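Below: one structure, written as structure tokens.
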Amino acid sequence: MPTVPLAHSRHMWPRNEIPMEDGSMTPEDQEPVTDNDMEFDVNSEENSYSNGSGSSYSADKLSSPLQHKLDLSASPTRNNDINPRVEHLIALFKDLSAGEQMDAFSRLIPESTMANIRQLRAIIEPHFQRDFLSCLPVELGMKILHNLNGYDLMKVAQVSKNWKLMSEIDKIWKSLGDEAFKNHPPPSDRVRGAWEATAVAAGVVIPEHVQPCELNIHRFMKLQKFGDIYDRAPDKSRYLRADKIERNWNSNNIMGSAVLRGHEDHVITCMQIHDDLLVTGSDDNTLKVWCIDKGEVKYTLSGHTGGVWTSQISQCGRFIVSGSTDRTVKVWSTADGSLLHTLQGHTSTVRCMAMAGSILVTGSRDTTLRVWDVETGRHLTTLHGHHAAVRCVQFDGNTVVSGGYDFTVKIWNAHTGRCIRTLTGHNNRVYSLLFESERSIVCSGSLDTSIRVWDFTRPEGDECIALLQGHTSLTSGMQLRGNILVSCNADSHVRVWDIHEGTCVHMLSGHRSAITSLQWFGRNMVATSSDDGTVKLWDIERGLYIRSRALIRDLVTLDSGGNGGCIWRLCSTSTMLACAVGSRNNTEETKVILLDFDSPYP
């Protein structure tokens, strides 16, 4: 049989003329598509499928046979002359058994030229490429896609234009079991005020920060907010945006930053975020309320006569509450920054507080806790029982958990003021607490270097369910999800614990000095700040398996780190990280660095 040169075979045997059966995919239909490849006639009423979200999809486009077919009957030779030798070979081949035919194939292929093998592949391959979704009714195709997760649905959209059309039926995205992608706040502006510049400056390094030219393009895109996909499939657009935000955190260039300057050379002692508000408290006796998106200060809250050491924003966002060394608690309005109430009763520094609804619990160095209603400014009850300063407190609306310098953790009924349980076991001051009310789980960190996990529903004396040992200094922060606890410590290490097993499953090393703050967000990302002047981002899930790859990247590095420059604390939303910067010896100006990880809807 004469061979056909490969260069000429494309003209003699065009692929798009080879007929296919049963909705087989042509090479053209297999081409990956982008969102701009397909036009949607959302106003068409004839032969359309409505998904209930205002978008219509052509039923013809979803289920009709594909336009281009492969012609399997085409001959690879130039003419239809019968070759007796070939006919004889075919007759012999038909007389062979299935096993003998397979043996013949196996021996013939090595004897063929590469050009003939390629041509043979072009004949065989389409038999195994069936576009089953296009062959099925739309309803059955949707049932299949309902079983996929968001990641797989994004891959489906890249297979062909038919599959892309089906993947944009919003009903499929609405049924996804994981709805975390719907929890992001709306796209932000973040192009004005302090955002017009960046935080990159002399002494401040932000690795992988976007360059000015690309930053201007990004700012323009942010002002658009909504892309084409949102009109066709809003939930798909939300998912794609959430995926982009996660990639912005993990690997993409940092798409914007800002510096908020205030409090002069004083220390930022506390910081909270609520929606678009950032509140910072300082030992300069004031609090500042910032508008994050505008990158500017809204109010300066003045009235305390001593340093502010603790603050909270109410869940409703209407109140800011602050505690000070002047022994008072003040309630402020977020609407206009006015002072609503001054709560008096503590006889020493108000060191900690927690809120649930309009009920506030404050802890003081005077050894007591007090319960207040911030709506009315009324004192409800006083909790007596600690024998030294109260350092930390947690509150869920009914139960108060407090830790003190008397080495104990106490559980209180907030309504009656009665101490339900005293948890003993630490042999030094308790500095940090976590309280998960659904499981009655309390985690306490102490100056004795240990972390204890308590279940206060167990019999008295048997409440400690895990003793976590490994840190060598004070635990400054903890966060708990399920059975995984992440703790940061003045020993410069982050440890990941399994509280059910009572073991340390991983230790994250990279900081060179005490870790000051910890934020856990997303599925597995943890950000930490340190006395060494850095902010690091970790993947704790990756670190469980490949320890050397736990560190994702450095987010901020101060040149003064290690010489007094420090990042005191972190606060975050799903799209933004705030870093409170200062120093112990005036080597670094006091400021807040904001990093933007947001994305518009595609």
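Using the three backbone atoms N, Cα and C, a Cβ is placed for every residue, glycine included.
What TrEMBL annotates here:
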type	residues	note
COMPBIAS	28-44	compositional bias 'Acidic residues'
COMPBIAS	45-58	compositional bias 'Low complexity'
DOMAIN	130-176	domain 'F-box'
REGION	1-62	region 'Disordered'
REPEAT	260-300	repeat 'WD'
REPEAT	301-342	repeat 'WD'
REPEAT	343-382	repeat 'WD'
REPEAT	383-422	repeat 'WD'
REPEAT	423-455	repeat 'WD'
REPEAT	468-507	repeat 'WD'
REPEAT	508-548	repeat 'WD'
_Local confidence of the repeat 'WD' (301-342) - pLDDT mean_ = 97
_Tertiary contacts of the repeat 'WD' (423-455), as residues 6+ beyond its ends and Cβ separation under 8 Å_ = 388, 391-396, 398-399, 401-405, 407-411, 463-469, 471-480, 485, 487, 489, 497, 499, 502
_Tertiary contacts of the repeat 'WD' (301-342), as residues 6+ beyond its ends and Cβ separation under 8 Å_ = 269-270, 272-275, 277, 279, 281-289, 348-358, 360, 362, 364, 366, 372, 374, 377
